[in-house]
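**Q** I'd like to ask some things about the structure below.
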Amino acid sequence: MNLTSALGVGPVQEMSGWLVLDLVPVQPGVQTLVLDSHPSLLIHAIDCKIAGQQAPPLSLTYRVDPFTDYGSSLNISLPAAASTPGQLVHVTVRYTTTDGPAIWWLDSELTCGQSRPLLFTQGHSVCNRSFFPCFDTPAVKSTYTATVRVPDGVTVLMSASRSSFSKLDRVFQFSMEFPVPSYLVALVAGELQHVDVGPRSRVWAEPCLLSCAVKKLGGSVERWLGVAEQLFGAYLWGRCDIVFLPPSFPIVAMENPCLTFIIASILESSEFLLIDVVHEIAHGWFGNAVTNASWEEMWLSEGLATYAQRRITTEAYGEAFTCLETAVRLDALHRQLRLLGDNNPVSKLQDYISEFKFQSVVAQDLIDYFLGYFPELKDAAVSQREGLEFERWLSGSGPPLFEPDLSAGVSLTGPVQDLCELWRAGAPPDPQTLSTFDLSAWSTFQIVLFLDRMLDLSPLPREVMSSLSSCYSSVFDGLNAEVQIRWLQMVVRNSFSPELPRVRAFLHKHTSRMYTVPLYDDLVAGVMKCVAVEIFSQTQHRLHPNLRRTLQQILFQTGSSAANQNGPALPVPSSANQNSPALPVPSSANQNSLALSVSSPANQNGPALSVPPSSPSAFTQPTATATASAAAGTTGTIALRDVNVSA
C-alpha cells in the first residue's frame, strides 16, 4: 500500500489534504474497499486510477457508516477494472480532519516552554483512523513515506527510520522502510531541539527541558540497547530516538518505532524513567517487530516486552533491583484485582523474533512455536498439566496461577516490609525503633512500595497519620512526584487536614493525567469533593481539554462529548448540559501554519494528508475494525504494498 497525503494546519486547528493508497487485489470480485475512519474526518472526494493506464482518474462513490463510538467505516465502491488480481490500483481520498482522538493540539500555555504551540499524535490503539483513513488494525502492516511543510521555528518528527530536511523549503521528509501497523504512525511538531546521546540515539525536547533530559539519560540508551541485543538479537529499527512531550501527553510513554514518545513529568524520577525507557526499547522486539494481530491478545506485545524489560534490567542493574520493581508492579496488580474482582525455554525468543519479525501473530503462533522446540512436551500433552494449562492462562480470570520468586530482592524489599509491619500495628511505633530506618537513603522504588502498602491499609488511626506526617512528610516533600502523589493519596484517603495545603500545591503544579486523575478520584470518593471543585476551578485553564473533560466527569458525573476533544475551559458546571459545543466546520483558507504530506514516488509534488492515532487512556480496547466488518463475498481480499507519505 502506498499513501500520498498533504496536510495544512491553520488557526482553526485542522489538517486537510489527500491520501493515496496503492492497493493490489489478490482475488477476483473485489467490489468494495472498506477503511476505518472517524466522525472528525470529513471526506471531500475519492477517485482511483489503474496503474499503467493513461485514462484520467475515475471518481468513486462512497458512504460513511456509523461503526462504533470510536470510529466509522468508509465504504468505497470500486470499478470492475480494479478487481483484476495483481493489478495495482491507486485510490485517492481527499479529506479534512480536525480534533479527532489521535490529534492533540496544545496551545503555547500548555507546553513546557509556553512560547509556541505544539502538536502530537497518539494512535494506540484505534485512534489513527481520525488522522487518516486506514486499515486500523494491528493485523495489517505497511511501510510509508511522508513529507511535511512547516513555517519557520517548527520542527517535525515522525516514527520513521529515515528523515531529511530542506531549510529553503521548510520541508521535512520521512520514510519508514519496515512494515508497521497503523497505530505506530506518529508525528510531533513544535519548538524542538536535540542532543545526540549515542551513535544511534538522540534526545528531543523543548529547549527548556533538553539539558535535564540529556543529564538524566546520558549514555544509558546505548547501554540498554546493547544489553537487549545480547539477549534478543539485533535491533531492527536503526534509530532509537526519544522525544519528551508536555504533561498533556495522555500516557506515560509510547513505543513508536525509531521515536519513543515519553511524558516529561517522568523526568522527576530517575528510576521510573529508567524502567519506562527500557520497556519502550524492549517493544522494539516485542510489539513493533512482532505484533499482536488482535487487541484481544495485546499481552503478546505488553507481556513479552515486560519480560524483556526485566531481563535487561537484571543484566544491567542486578536481580535485586528487578525484584524490587516487580514487587511494586505485583502489588499494583493485586490492588487492581481487588477493585475489579477476581472473576527457561524463553531463551529461544531470538529465534521467535527472527521467525515472525515485521508480522502480526496470535497466541497460538507463540504456543506452537514454543512446543516446536520441545516435541516431547507436546507429545506429553503438557498443556493439560496443572499449572501449565495454556487455555486457563490465556482465557481465565483472577490473579496469575503462579507468581515469580522475588527472594533475590529481599535486601531491598525486606526493610520495606519490616517498616510496614511496625506501622500496621495500630499505634505509632517506638521512635528509637524507627530511627533504624533511614528513608533518605532508600531508592524511589523502595519508598513507593512502602507507601503503596500503607495505602492498602488506609484509613489509618488519626494518631498513626499524625506520626507518619511528623516522621516523613518533609522527606517526601523533597522527593519526586511518584513519591509525593502516593503520600498525598494517603492524606486524602485519611482526611488528614494538616497536610491539605500540600495537596493543593501539588495539583496546582502538576497538570498531567498520571498525577491529577488519581488525586481527584480520591478527593471525590471521600469528604473533600468541595476542595477538588475549588482546585479544579483555579487550575482548569492550564489543563489540556481532554484532561479537563475527564476531571469534569469525575467531579460532576457527566457524559463525555466525542464531537469536541478540544473544547474551551468551562466554568464550574451547573446542572445544564456539560458537553462541549460542536466545533464549526474548519476552514482551509489559511494554510500558513503547517502542511503535512504523504506521497508515493509517482507523485512527489502532491499535497499531504493526515493519519489519526488513538489514545489508550481514553478508549477501551476494541476487538474489531470496520475493515473486518464488511459483508463476506462483496469485499474480497486486498494485499497492501508500501505506504508513502509526502507533500
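Glycine too: its Cβ is placed from the backbone N, Cα and C atoms.
The feature Zn(2+) binding site is assigned by TrEMBL to HIS279, HIS283, GLU302. Marked as domain 'Peptidase M1 leukotriene A4 hydrolase/aminopeptidase C-terminal' by TrEMBL: 411-555. Residues or ranges marked as region 'Disordered' in TrEMBL: 565-623. TrEMBL lists 574-606 with the feature compositional bias 'Polar residues'. Annotation comment: TrEMBL describes 607-623 as compositional bias 'Low complexity'.
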**Q** Here are some binding-site residues: HIS279, HIS283, GLU302. Which one has the most Cβ atoms within 10 Å of its Cβ?
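**A** The largest 10 Å Cβ neighbour count belongs to HIS283.
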**Q** Which residues, same chain and not among HIS279, HIS283, GLU302, have a CB within 8 angstroms of the centroid of the CB atoms at the recorded Zn(2+) site?
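**A** Result: GLU255, GLU280, ALA282, PHE286, GLY287, SER301, ALA305, THR306, ALA308, GLN309.
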**Q** For the domain 'Peptidase M1 leukotriene A4 hydrolase/aminopeptidase C-terminal' (411-555), what are the DSSP-based totals of helix, strand and coil residues?
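**A** Split into helix, strand and coil, the domain 'Peptidase M1 leukotriene A4 hydrolase/aminopeptidase C-terminal' (411-555) gives 114 helix, 0 strand, 31 coil.
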